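Visitor: One structure, as structure tokens, below. Some questions next.
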Amino acid sequence: MKSSLLVVLTAGLAVRDAIAHAIFQQLWVDGVDYGSTCNRLPTSNSPVTNVGSRDVVCNAGTRGVSGKCPVKAGGTVTVEMHQQPGDRSCKSEAIGGAHWGPVQIYLSKVSDASTADGSSGGWFKIFSDAWSKKSGGRVGDDDNWGTRDLNACCGRMDVLIPKDLPSGDYLLRAEALALHTAGQSGGAQFYISCYQITVSGGGSANYATVKFPGAYRASDPGIQINIHAVVSNYVAPGPAVVAGGVTKQAGSGCIGCESTCKVGSSPSAVAPGGKPASGGSDGNAPEVAEPSGGEGSPSAPGACEVAAYGQCGGDQYSGCTQCASGYTCKAVSPPYYSQCAPTS
């Protein structure tokens, strides 16, 4: 009887933990909603736990997509996380289950963001929202954390792009580290997605870089830590944030797009690859078309195309629904998420 009860309890905890898993899915650029058009969406909402594996770069099973989101140096992108694919509701926590830990953003300059695998180039950190002591808190669980800020801001986190960042293609690596089981080696959970962006109007900064895998070790104090005890100090893993980047104080509240952006304000005439629908080919970063119908209104079906494997439908989704040639919008996790899959 006891063994049966243990099995039931273990299964219940596993289900609860799985439900609490999450994915960085959408990207906003200066308040414009690009949905998942330039995101290498992970195949599931499960975490990466082996920091020495290839999966720590951009998550398991991901590959390049055709879409690239245009970003201006000095501008702001907003990464967006939710537990289930395609669910952008603020009713549920972005990442549940008391998955407290830091949120960090890295960039890697590449020749072509749609094909680079992220393992050959160097990475540098441009943003960190890690930890701060909460007055009256007893243990680390009670403190302020980056993932707690994600929950408070409907899964959104504003990230400033350094104004002196050189122009060109980049992979933007968004990482949320959950520390609820990190008291033992291999217990930390990394939730990672890579976005493909093209930066324009940049400068000439030259940043020191690290490589993934290699930048983290399972025994790093920011990775192996018991947050169910008193936490007197916490330093997030990896290098320091580069000059021109941002270190946000955990618990400082929602700002900018985190609190004001409305789902559905997506570009109405940006084709896959981030090029203007008019077909401009001068090599410069594209201009972003004004959202159709005003702020908060969805793009009209057919007004823009969704890149291969990008989101094209689902509960609360109001972006583009027409897939690129050779792809059809198919339900992957109904009713939450549909994506453009090869037409069979």
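Note that Cβ sites are derived from N, Cα and C of the backbone, with glycine treated the same way.
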Visitor: For the disulfide involving C194, grab the partner from C58, C323, C329 as Swiss-Prot records it.
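Guide: Swiss-Prot says the disulfide from C194 goes to C58.
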Visitor: Which ones in the same chain are close to H180 (O2 binding site), with CB under 8 Å and 6+ residues apart in sequence?
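Guide: The list for H180 (O2 binding site) reads G97, A98, H99, W100, G101, D141, Q189, I227, given in order along the sequence.
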Visitor: In sequence order, what residues of the same chain, 6+ apart, have a Cβ less than 8 Å from the Cβ of H21 (Cu(2+) binding site)?
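Guide: Result: S44, N45, S46, P47, Q83, I95, Y191.
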Visitor: Counting only residues 6+ away in sequence within the same chain, which have a CB under 8 Å from the CB of C194 (disulfide bond)?
Guide: N39, R40, V57, C58, N59, T62, G118, L171, L172, R173, A174
